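*Asks:* Let me give you the structure first, and then I'll get to my questions.
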Amino acid sequence: SNGTNIDVAGAINTLTETFGKLFQMQLDVANTALKALADVAEPLGKTATDLVGNFAGAATQILQSVSAAIAPKK
């Protein structure tokens, strides 16, 4: 032997550990991204709902005004 020992089992364990850590990091990043997206989407959803409600209220008022304007006067 020329004094070089290759620890195959150690190398495989190190690679397995490294891939495991990389996979966990990817999961953490994906989880953080999904949480951030949910945090952004929640207020946007509320705003959109409020906006639709406001439009519906305005449309109702307009229809009532138009109906009152064209209704025969007594």
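Each residue, glycine too, has its Cβ placed from N, Cα and C.
Straight from Swiss-Prot, here's the annotation block:
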MOD_RES   Asn2  blocked amino end (Asn)
REPEAT    7-16  repeat '1'
REGION    7-60  region '4 X approximate repeats'
REPEAT    28-38  repeat '2'
REPEAT    39-49  repeat '3'
REPEAT    50-60  repeat '4'
*Asks:* Averaged across the region '4 X approximate repeats' (7-60), what pLDDT does the model get? Just tell me the whole number, please.
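*Replies:* The predicted confidence over the region '4 X approximate repeats' (7-60), as a mean pLDDT, is 91.
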*Asks:* Counting by DSSP, what is the helix, strand and coil composition of the repeat '2' (28-38)?
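*Replies:* Helix, strand and coil residues of the repeat '2' (28-38) number 11 helix, 0 strand, 0 coil.
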